[in-house]
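Written out below as structure tokens is the structure these notes cover.
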Amino acid sequence: MENPSPAAALGKALCALLLATLGAAGQPLGGESICSARALAKYSITFTGKWSQTAFPKQYPLFRPPAQWSSLLGAAHSSDYSMWRKNQYVSNGLRDFAERGEAWALMKEIEAAGEALQSVHAVFSAPAVPSGTGQTSAELEVQRRHSLVSFVVRIVPSPDWFVGVDSLDLCDGDRWREQAALDLYPYDAGTDSGFTFSSPNFATIPQDTVTEITSSSPSHPANSFYYPRLKALPPIARVTLVRLRQSPRAFIPPAPVLPSRDNEIVDSASVPETPLDCEVSLWSSWGLCGGHCGRLGTKSRTRYVRVQPANNGSPCPELEEEAECVPDNCV
């Protein structure tokens, strides 16, 4: 048997190297799984607001404006795109959305990412919810190369607070998930330093990263979500995605349908009652000592209620205190 020539051996080696390179290029990076499901899948997405005065009694917005949710804005994308991520800085577009609910710049950023990197398959949106408790929904489409879903909804009113999902994968190996449901909690976009729902605009300089707001962080009594008696906040919203049984076809964005009062959640049995303790001011200075000369008199000081208790929270303490004293300026 003839030995292969050096040229033939080199050709085989180059061929093997090329095949290995192509194979490596097709592998996911960073442990990312490969989606081999059917090319397309369509889902309904339902956002449910759970921001009630019972679950979140502290500083609950009742007017100008009352508690509500902005429109939902999301995208089906690949791992090359990120709409937002915890512990990272938000883009200018997401800053505008989180602070003012303006979606134009964020839409342009998503569009640019889709054109430059082919990383976005489709954009979807759902109408705003005009109250803290209510629902809104839309439809979206994903495909093998764009199986991740991200979205944001602004908390209204708030400095720069929002809820959302970052890169939820609807593909599970060779099949699409039938459904997915997640509880949602508030996040701070890191662009405004306001502590309360109705805080005036106060830009964070330098800009901070996205952080989750918890019952103890920020650790300040003025914060609207500060509930030191709770280990964790109850979910402020929930999202549910359900796969639709329809034959794949060209995706047509759904026409927006404004939510009606029929969508409001009225089942109070499932709403957690978050206790809100009474908060009072510091004591005032002692008043003048009153009484007759040669005898002990009394003086008093007062304080006032800053936050009324709710949902079996700790009651308010005494608001006036007296103490014995020696009258001044006796003649």
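Cβ atoms here come from the backbone N, Cα and C positions, even for glycine.
According to Swiss-Prot, the signal peptide annotation covers 1-26.
Residues annotated as disulfide bond in Swiss-Prot: Cys35-Cys171. Secondary structure from DSSP puts Cys35 (disulfide bond) in coil. Cys35 (disulfide bond) has a Cβ environment of 23 other Cβ atoms inside 10 Å.
What Swiss-Prot records for Glu141 is site 'Important for metal ion-dependent interaction with integrin'. The Cβ of Glu141 (site 'Important for metal ion-dependent interaction with integrin') has 20 neighbouring Cβ atoms from other residues within 10 Å, across all protein chains displayed.
The divalent metal cation binding site annotation in Swiss-Prot covers Glu141, and the record cites a curator's inference as its basis.
The feature C-linked glycosylation site is assigned by Swiss-Prot to Trp283. Trp283 (C-linked glycosylation site) is surrounded by 12 other CB atoms, counting those within 10 A of its CB over all protein chains shown.
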Collapsed DSSP category at Trp283 (C-linked glycosylation site): coil
Cys171 (disulfide bond), number of other Cβ atoms within 10 Å: 22
Integer Å distance between the CA atoms belonging to Cys171 (disulfide bond) and Glu141 (site 'Important for metal ion-dependent interaction with integrin'): 12
Alpha-carbon spacing, Cys171 (disulfide bond) to Trp283 (C-linked glycosylation site), which is rounded to whole Å: 60
